[in-house]
Amino acid sequence: MSTTSFTLHATDGRARTGVIQTPRGEIRTPAFMPVGTAATVKAMMPDQVRSTGADILLGNTYHLMLRPTAERIARLGGLHSFMNWDRPILTDSGGFQVMSLAELRKLTEDGVTFRSHIDGSKHMLSPERSMEIQKLLGSDIVMAFDECPALPADRDRLDTSMRLSMRWAARSREAFGDRPGHMLFGIQQGGLEPDLRAESAKALTDIGFDGYAVGGLAVGEGQEAMFACLDHAPQNLPVDKPRYLMGVGKPDDIVGAVKRGIDMMDCVLPTRSGRTGQAFTRHGVVNLKNIRHADDPRPLDEDCSCPACRNYSRAYLHHVYRSREMISGMLLSWHNLQYFQDIMDEMRHAIAEGRFEAWEAAFHAGRADGDIPRL
Ligand SMILES: [Zn+2]
């Protein structure tokens, strides 16, 4: 089995572009990973997701372990074949979602016991169990099991939690073992405290991972605080390994993160917003539910190559949203994923050509129009 690698092709300021090689294909960075929570990117077929330019999807351990269960997916040939996506998949460790979704959680040194939010059944997640589940799923990029405290949190809580996560990172590394062709990422914690972030990075690099996530952000701290943290947190991580910012974000969050040296991101926003009539465009956010679109024959975004923009008017998109037709969520999810991937592609080229700053200025200037009809 072939191994994995990360090659950095160019840097521009702190922004980086490169390629992660895996046996299931390459991941061009900076990369945006659409979220396939329950073994599907909602309202999208896998070949459609791929056509937007996605090299990798994210799957959620917490959801899949509860339903249909990791053991069942393994019996059926693994997550790639189960969901008909043959390219790389990253799975989270389940830790974050246990904390945000599960009921009656009990946290100990060993791990977390909890009750399912679906049927109340009792389950356990630990570093060892999380590694086992992600192996059963067949994940290409496995995340270490960690604890992610909600912000704001006081320093004592962040300190205690970070140290527990670092002990769990060592146990995750041990349980993962040697699996050629698969990568294990560690997760930096420490909230918004620069010294805790640095200490966490040191603990992780001493253990040694194939990539490093900046965890514990996008949990309610706001963009300004997140960017302030990203001004220092990624700098403590190894230059020659991919850096992943978990759960981010809006287009301007993504651009700001790439500017600060992040290589990978994931977010439910393109598909979730698509199902609620909200479209991201190079001119800002467009709410298709708004009556102002009812007679508008123009495309959603005349520069976009997706089917929603090529084949339909704003009036149609407004109509199917108001009529609660399924094609509304399908078309707007497709458009939003296309827009996010278009931004990533533009950033990769801008970084490679040393013009990221100019690209970023144009990105922000174009969005100033917002949702104002340009007639
Ligand atoms: Zn479009």
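Cβ atoms here come from the backbone N, Cα and C positions, even for glycine.
Keep in mind the model is a prediction, meaning the values are calculated, not measured.
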The Zn(2+) site in TrEMBL lists Cys304, Cys306, Cys309. Which one of His283, His293, His335, His349 belongs there according to the record?
His335
Starting from the substrate binding annotation in TrEMBL that includes Asp92, Ser93, Gly94, Gly95, Phe96, Asp146, Gln189, which of Gly120, Gly211, Gly216, Gly220 is the extra site residue?
Gly216
In TrEMBL, one of 23-29, 177-183, 247-253 is tagged region 'RNA binding'. Which stretch would that be?
247-253
With TrEMBL as the source, identify the stretch among 126-130, 271-275 annotated region 'RNA binding'.
271-275
Determine how many residues of the region 'RNA binding' (247-253) DSSP places in helix, in strand and in coil.
3 helix, 0 strand, 4 coil
Starting from the Cβ centroid of Cys304, Cys306, Cys309, His335, which together make up the recorded Zn(2+) site, report each further residue of the same chain whose Cβ lies within 8 Å of that point, ordered by sequence.
Pro299, Leu300, Asp301, Ser305, Pro307, Ala308, Arg310, Trp334, Gln338, Tyr339
Go through the chain and flag residues at least 6 beyond the ends of the region 'RNA binding' (271-275) whose CB is under 8 A from any CB in it; none is fine as an answer.
34-35, 41-44, 328-329, 331-337
C-beta crowding around Cys306 (Zn(2+) binding site), within 10 angstroms:
25
